[in-house]
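Feature annotations, courtesy of TrEMBL:
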- A:33-128: domain 'HPt' (DOMAIN)
- A:HIS74: phosphohistidine (MOD_RES)
Amino acid sequence: MQRQVALIKQSLFDQGYLDEQFVELEELQDDANPNFVEEVATLYFKDSARLISNIEQALERGSFDFNRLDNYMHQFKGSSTSIGASKVKTECTMFREYCRVGNAEGCLRTFKQLKKEHATLRKKLEQYFQLARQAGPKETARRPK
Amino acid sequence: MALGDLSSSSTSELHVLAVDDSIVDRKVIERLLRISACKVTTVESGTRALQYLGLDGDKGSSGLKDLKVNLIVTDYSMPGLTGYELLKKIKESSAFREIPVVIMSSENIQPRIEQCMTEGAEDFLLKPVKLADVKRLKELIMRGGEAEQEKTSNLISSPKRILQNNIFFFFIIFFIITIIVIFIV
């Protein structure tokens with residue numbers, strides 16, 4: 001089972017869903033705080049759901065307030081960076097670029113992609129954490145090769 | 001490390017006030033600081049930070065903190081009061097201007113960094129902040145505190161210090177004697 005956990009984690013890195021920052025967070029775990037990364041991830045998904053909803057409302061209004069949108073995306077990018085959510089971070093950067101040049105179409109397209117990446121990451125991490133909890137604490141704290 | 005009671009705070013553990021509007025980043029910085037054996041208080045805005053320190057002008061709020069703050073770590077981009085504005089307010093206050101303030105930012109903007117350092121920031125960290133950053137920072141702050149104590153203790157002859165120097169000599173002599181004895185035997 002632990003091998004399965006390791007494989008899932010490796011694939012998350014190989015496919016670019018997660019980056020080095022995720023490993024940095026895992027290294028902050030110890031016996032007293034064995035679920036630190038899962039706790040951070042939970043906070044992240046709760047917070048980013050709020051941001052997604054705010055952005056959606058802002059986009060639905062039709063009048064593109066690029067400043068406001070960029071503001072939301074700055075927050076989104078920040079927390080995505082902190083957890084190592086690589087693909088999501090990339091979409092955030094692209095969205096901000098479109099905001100900068102005032103390209104509404106680009107923003108909408110990128111936002112759709114961002115939501116997709118976000119949902120995929122959420123599912124994969126939920127699966128990973130569930131398996132990791134079942135497998136026991138040893139595997140989660142190790143660096144992928 | 002405690003060379004007598006020259007400072008009013010415990011010299012072994014730093015109390016850090018961490019300011020960040022991101023709940024994810026607050027959790028991470030708190031963990032990084034706790035691992036580095038610091039006491040941590042987190043707040044979500046510059047305004048709350050000023051309230052905590054008792055600097056918000058509200059005469060009744062000076063008693064919020066129960067521990068002296070040794071270091072303030074703050075995000076730069078925050079709604080309301082930015083990290084830079086918070087830094088300015090702290091440096092303007094006679095009570096708190098000596099507290100080192102470190103700015104964190106996800107954006108590597110040179111003019112921004114210079115602006116903060118000019119205003120008196122101790123350091124500028126790029127996010128995501130790593131454990132190595134925090135450890136280095138802690139060492140810097142502790143050394144700064146020791147340097148302060150060194151400065152003042154050089155003016156006052158501390159009996160503890162003289163004793164420490166003597167103990168050092170005793171160890172050297174003991175070591176040499178041990179080596180000689182080993183050679184003889």
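Cβ coordinates are placed from backbone N, Cα and C, and glycine is handled just like the others.
Within its own chain, the residue listed as 'phosphohistidine' has A:ARG96 as residues 6 or more apart in sequence whose C-beta sits under 8 angstroms from its own. Per-residue pLDDT, averaged along the domain 'HPt' (A:33-128), amounts to 95 for this model.
DSSP states for the domain 'HPt' (A:33-128), grouped as helix (H, G, I), strand (E, B) and coil, give 84 helix, 1 strand, 11 coil.
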